[in-house]
Every structure is written in structure tokens, then in C-alpha cells.
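Read through the structure below, which is laid out as C-alpha cells, and then see the notes.
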Amino acid sequence: MHNNNTDNCSTSHFRYPLFTSTYSIVLLFGLPLNFVSLWILVCRNGLRKSVPVIYMANLALSDLLFTLSLPFRIIYFATGEWKLGNTLCMIPGTLFAVNLYSSSLFITLISVDRMLAVVYPLRFRHLRTVPIAWVLCAIVWLIIAGLAVPTALNHPENNDTECNVTRCFEKYTEKEWIWGFTILCCATFFGILIPFCIILGCTVAVVRQLKGYSMATSSYNSELSKGKIVMLFLSNLLIYAICFIPFHIAFILFGLSRFHILHGSISLEMYFNLQTVTMCMASTNSCLDPLIYYFSSKNIKGRTRCDSSSKTVGLGLVQSMSWNG
């Protein structure tokens, strides 16, 4: 990078080494984890008979696409200059947004499906079918594609005349900032806030239902299975708490401060630094999602036995939930 000895042109700012190291770690762990997860979900479990496997396979695919884009980000933040052209500059930023919001929606589908399996095993069984699961996944990808187009157009490379370098992922114009901030606010409400409320509601419903089951059975296997089901939902909430929510709060605060809407003792630079840290936290999403596969694979084994009693069905699901949902 051609430095002019100013703070604006220096790559010594902590965000450059932080992004480089974080993305390298995420690539190191996320790529093999999601590749193996996708292989297990598709090749060993199959996508024709299992609703939860379909959702998790799509989630793993989204994570895999994001991790494959990380080398571009690593090269840029390690060198401080973009040399790969405008088209390749659009891809990593777009896949970050694609992964963020598709993961949120697929995790929501997984949570709703598992909640219905435990709380309403008979009433909504007709909605938990493979064709409907594929339709819902297709809808998610269509929504994400609609988000990806404006995101890509809003992530071109930029010529930094002050430092005489080409930038990517930063140095946006005022028009690009306004457009990007508007998209982010809408995506935060529909892609993060609403799904989080749904997952939280599903978690509460499942915990209440499992408490009801505790009076009917106290076997070790049953308690262990119930604990793992709860861990599945808690891992979903954990991903939101670590990856999704902090990033969007920090980004919105930074945007409001940048547009002089938010006033206070905290400087714009502090909000910018907070956004940098939470963006790194958001990228770890692709490493944390395998937790969902782990708790699901431990929970969802064997086949579900159903009878005319809703509570008996629920107990059967708690003791032996099936990949076939």
C-alpha cells in the first residue's frame, strides 16, 4: 500500500489486522466444518425424507459460500489495497449479507420445525413435509436474491484519491451510505428482529412443553434428550446474541451518529470501532452454526412413534426425535 503517513492511509489501524486474523480463523475452521457438515447432511442422511436435514443443508451451503469468499477479504485487509477488479469486489460483501440473513431465516425454520415436532406433533404434521420444506427454502433464497442485487450494486470498488489506492468494503460515497443504511434498517427488522422473536417464542413453548413431560417420565434417557433439545434452541439464541444482534445494533448506532441523528458523548470513531468488532463477531456465525447440526444429530435419531395421544407422541419425540422429522 502507498502510505502518505496520515491516519486515513495507514493500515496500522486495528481494524486491518483484526479483520485479517478473524477472517483467517473463520476460514480455517469454517470451511472444513461446513464442508463436512454439508457432506454428512446430503450424502449420509439424504434430502428426500427429512425436513430438518433440508433446512440444515441449506444453512451449511450458505455458510460454505461465505467461507469461500473470505480469501478475497483476507488479501485486501492484509495488503490494504484492492487489486482484483470491481466484479470481485462486489462478491465478498454480497455473500456476507447473503450468509447473515439466510442463516437467520434458516435457523428460524429449524426452530419452528422442532417446536412443532415437540409441542404440536399431530396437529401440524401435514405442514412438516419435504415438499413444503423445499418450497420454504426456495422462498428464502428468492428473498435473499432480492437483497443480494442491491447489496452487490452498493459494494463497488472505490478510488481513494487521498491515499492513491483502490478500496473495497470501505470508503463509500454519501449516496452509497444512505442507500446501504436504508437497506440495513429494513433487513434488521425483517431479517433479524422478527426471526429472533419467533425463535424466542419457540424456545419458550418448547421449554414449557418439556416441563409438562417431566411429570410423565423421569428416565435418564428422557432427561438427557430433553436437555439436548433445549441446547438446540439455546444454541440458536446464542448465535443471535453473539453474531447477529450486536452487529446490527452497532451498525445502526454508527449510521445514526454519522448522519448526525444520534448525539452524545460517544464519538463517531468509537461507534466505527464498535462496528468493526461486531462485524468480526458476525463473521463467526459460519463457525457456530455447526453447533446446530451437532445438537440436532444427537437429538434426532431413530424414528418417531406416533399414536392417538398428543402427549404420548410428544414424549416419543423427546426420547427419540427423528431426522425424518
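Each residue, glycine too, has its Cβ placed from N, Cα and C.
All TrEMBL annotations are machine predictions without curation.
TrEMBL has this to say about the protein:
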type	residues	note
TRANSMEM	20-41	transmembrane segment
DOMAIN	33-293	domain 'G-protein coupled receptors family 1 profile'
TRANSMEM	53-78	transmembrane segment
TRANSMEM	90-112	transmembrane segment
TRANSMEM	132-153	transmembrane segment
TRANSMEM	177-208	transmembrane segment
TRANSMEM	229-254	transmembrane segment
TRANSMEM	274-295	transmembrane segment
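Within the same chain, residues 14-15, 18-19, 22-23, 26, 29-30, 33-34, 37, 40-41, 56, 59-60, 63-64, 66-67, 70, 96, 99-100, 103, 107, 110, 228-229, 231-232, 235-236, 238-239, 242-244, 246-247, 249-251, 253-254 sit at least 6 positions outside the transmembrane segment (274-295) and bring their C-beta atoms closer than 8 Å to a C-beta of that stretch. Long-range Cβ contacts of the transmembrane segment (229-254) within its own chain (Cβ-Cβ under 8 Å, at least 6 residues beyond either end) map to 100, 103-104, 107, 110-111, 114, 118, 184-185, 188, 192, 196, 199-200, 202-203, 206-207, 210, 262, 268, 271-272, 274-275, 277-279, 281-285, 288-289, 291-292, 295-296, 299, 318, 321. Stretch with the largest number of CB pairs closer than 8 A to the transmembrane segment (20-41), among 53-78, 132-153, 177-208: 53-78. Residues belonging to the domain 'G-protein coupled receptors family 1 profile' (33-293) score a mean pLDDT of 88 in the model.
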